[in-house]
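Chemist: Okay, here's the structure, questions in a sec.
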Amino acid sequence: MLSTVDLGYTTVIIPKLLDMMLSIHNKVSLKQCFTQMFFFFMVSGAEDILLFIMAYDRYIAICSPLHYNQILKGKNCILITIAIWLSSGLNSLLFTMSVSNMSFCQSNTIQQIYCDSKALTKIACSGTELFDIVLYLEFLILGLGPFLCSLTSYVKIFGGLLRMKSKDGRIKVFSTCSSHLTVLLLYYSAASSAFLMPSSKHSRLLGHIFTALYSTITPILNPLIYSLRNKDVKRALLRLVRAQK
């Protein structure tokens, strides 16, 4: 499911961006803009919830291993998957509708690599009140909420790790959590930098960099981060490094 979300990020943004960069046609219609925005926020909302579910998965596997198959059995995983996509889809629909109610009259130029809601508010003349409310709820429910839940899961995991006496057990726990923890920190650090960065003379350039980082670079890095746990991939990488020497 994480692979599907990562593929969604790049599919929503990159093809249109490349088309605009490689041609003289650098315009996008409102319908295309809102369509892109809907799917972008759907996959981003799904990733927020999914990263928490993956943290919870590791918490159950490490702190309650005997109950793992009962709690996260196949039926429950299917229900969780359906719930993630339904909630992220409804949230994205509400978010997109709140943006579509704005009136744009200051400019027709979006200073971003995709149809970003934050960039659209800068050229809006009215109708931003509903958007501000939805954005605040979005930040609390799908931003801060999953992050705090993931943080709680890892606090409990590290608490259990400190109580372990076996060195092999600690190494196994670290191996289980390292990939997901790396992805979690990379995603939230880049996303928070893009959305919470204060205004300055360099904010536009930094905003483009951080947006590209969490919307395109991070999805590309995620498969690589998880692949490094595979022994065959590690051996192939070592052979490549040695060949370069």
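Just so you know, glycine gets a Cβ as well, placed from its N, Cα and C.
According to TrEMBL, the protein carries these features:
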DOMAIN    1-226  domain 'G-protein coupled receptors family 1 profile'
TRANSMEM  37-56  transmembrane segment
TRANSMEM  77-97  transmembrane segment
TRANSMEM  139-159  transmembrane segment
TRANSMEM  171-190  transmembrane segment
TRANSMEM  205-225  transmembrane segment
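Describe the structural surroundings of these features, if you would.
Modeler: Long-range Cβ contacts of the transmembrane segment (37-56) within its own chain (Cβ-Cβ under 8 Å, at least 6 residues beyond either end) map to 1-2, 5, 8-9, 12-13, 80, 84-85, 87-89, 91-93, 95-96, 99, 114-117, 142-143, 146-147, 149-150, 153-154, 180, 183-184, 187, 191, 215.
Sequence-distant contacts of the transmembrane segment (139-159), counting only residues of its own chain at least 6 positions beyond either end whose CB sits under 8 Å from a CB of the stretch, comprise 45, 48-49, 51-52, 55-56, 58-59, 62-63, 88, 91, 173, 177, 181, 184, 188.
Within its own chain, the transmembrane segment (171-190) is flanked in space by residues 2, 47, 51, 54-55, 58, 61-62, 147, 150, 154, 157, 160-161, 164, 210, 213-214, 217-218, 221-222, 225-226, 228-229, which lie at least six positions past its ends and keep a Cβ under 8 Å from the stretch.
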